[in-house]
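Peer 1: Grabbed the feature section from Swiss-Prot, which reads as follows:
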- D57: active site, proton acceptor (ACT_SITE)
- E9, Y55, E63: Mg(2+) binding site (BINDING)
- R53, T66, W420: ATP binding site (BINDING)
Amino acid sequence: MDKRIFGIETEFGISYSSPDSRPLAPEEVARYLFRKVVSWGRSSNVFLTNGSRLYLDVGSHPEYATAECDDLAQLIAHDRAGELILDDLVDEAQARLAAEGFNGTVYLFKNNTDSAGNSYGSHENYLIPRRGEFSRLAEILIPFLVTRQLIAGAGKILKTPHGATYAFSQRADHIWEGVSSATTRSRPIINTRDEPHADAEFYRRLHVIVGDSNMSETTALMKVGTVDLVLRMIEAGVIMRDMRMENPIRSIREISHDLSGRALVRLANGRQLTALEIQQEYLTKVTAFVRENGAHNPHVPLILDLWERTLKAIESGDTRSIDTEIDWAIKKKLMDSYRERHGLGLDAPRIAQLDLTYHDISRSRGLYYLLQSRGAVRRLVDDTVIKDAVDAPPQTTRAKLRGDFVRRAQELGRDYTVDWVHLKLNDRAHQTILCKDPFRSVDERVDALLDSMG
């Protein structure tokens, strides 16, 4: 597919710290966080004027699902817009708590694990053609996704019986299956539940739940952009070497724990390859494919360049060439510098605090955004574009229809219901519009509905 629909769903960690008032459980804090949402949406599960979905997921995790995007920079802008929306809710919740005598601080983290060992995810969605065998796609994709943490991991201090170590991925130790229709119970690499949110005759939705949440815009580009390129190869029928793994769940952990990239992976055919060799194989194939077929979007040259530089940096052990662009390397540089200045080990509480605060979405408090304000990380999207995405949907996908409908209904105080494919005015019989084409941003039926609303 030359054009593809993308989406990212992010679950956020939430906590509350107060020196002089009673502690609040995450569930209580989440209720304060969503009180404003419930007041206008009558629910903690709403669609916004920018086409996105905002809701409370299982337990106490706020979740933001971007609108449908057909460009990677657009996707990153809408993912970042979700952070701004939630950060605004944090300010509202903080004020409400203070008015009720709670003088603590609410924190939202865009990470994947908490101190109790719980994991929450970053799920990627890719529209793929219905044609073709899904099992073949999964066989080719899983070895790539297991090793993708080298180029897209968020980094994490891991406590082990042998002491603290730094790992590529936050999510790797919490994945339990290769493919499954469950998301929370078994945490597979690929979720197979067939909910295309599009015309099921032509499309299917690939739901990847193995990835880390990314603070870095360039790492987010790598996470999604490399999958897009590998999918294009598979869809074009490119023959790949058989790299099916004997035990992908064991391998994903062993790879995460070895920053040299040389963790050996036993394949189903008995051969052994390192994580670096597997990634290099995909990079070589993708590069040849792009050379033969051309770049299908303007981001491809950067993706291929950063992919190659990251693998070379891991191989050499010198990450200076990527420590403004790849999350795990950015964070490691920050920690190494702090440890050196203060003579601290990796297991020091202050280093654990750095590990966490890197993911704080607060623009005034989070360490990643402190680095960004100093020009210490590479940008892809202007702040003005991100701010526009807080209110405005992507103009090139179905999200425009949904966002425009939600905005008009809210302005006029009309009772409505929406989901990914339906638009409905509840105060009119037979006023449900089914929007099955996610690429379609103009629809005469929706125009007529908006006009009829006044």
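Just so you know, glycine gets a Cβ as well, placed from its N, Cα and C.
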Peer 1: Provide the three-state secondary structure of D57 (active site, proton acceptor) computed with DSSP.
Peer 2: coil
Peer 1: Highest Cβ count within 10 Å among the binding-site residues Y55, W420: which residue is it?
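Peer 2: When each Cβ's neighbours within 10 Å are tallied, W420 leads.
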Peer 1: Other than R53, T66, W420, which residues of the same chain sit close to ATP? List them in sequence order, counting a residue when its Cβ is within 8 Å of the Cβ centroid of the site.
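Peer 2: Other same-chain residues near the ATP site: G7, E9, F47, G51, S52, A65, A67, E68, A399.
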Peer 1: Report the largest Cα to Cα distance, in Å and rounded to a whole number, among the residues R53, T66, W420 that the record lists as binding ATP.
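Peer 2: The ATP-binding residues span at most 11 Å between Cα atoms.
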Peer 1: List the Cα distance (Å, whole number) between Y55 (Mg(2+) binding site) and T66 (ATP binding site).
Peer 2: 12
Peer 1: Run through R53, D57, T66, W420 for me and report the recorded positions whose CA is within 10 Å of the CA of E9 (Mg(2+) binding site), in sequence order.
Peer 2: R53, T66
Peer 1: Nearest to E63 (Mg(2+) binding site) in three-dimensional space, by Cα, is which of the recorded positions R53, D57, W420?
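Peer 2: Answer for the nearest of the recorded positions: D57.
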Peer 1: Which ones in the same chain are close to T66 (ATP binding site), with CB under 8 Å and 6+ residues apart in sequence?
Peer 2: G7, I8, E9, S52, L75, H78, D79, A81, G82
Peer 1: For R53 (ATP binding site), which residues of its chain lie six or more apart in sequence with Cβ-Cβ distance below 8 Å?
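Peer 2: The answer is N45, V46, F47, E63, Y64, A65, W420.
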Peer 1: Long-range neighbours only, meaning 6 or more apart in sequence with Cβ under 8 Å: which ones does D57 (active site, proton acceptor) have?
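Peer 2: Sequence-distant Cβ neighbours: E11, E63, Y120.
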Peer 1: What does DSSP say about T66 (ATP binding site): helix, strand or coil?
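Peer 2: In the DSSP reduction, T66 (ATP binding site) maps to coil.
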Peer 1: Suppose we draw a 10 Å sphere around the Cβ of E9 (Mg(2+) binding site). How many other Cβ atoms does it contain, all chains included?
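Peer 2: Excluding its own Cβ, the number within 10 Å is 22.
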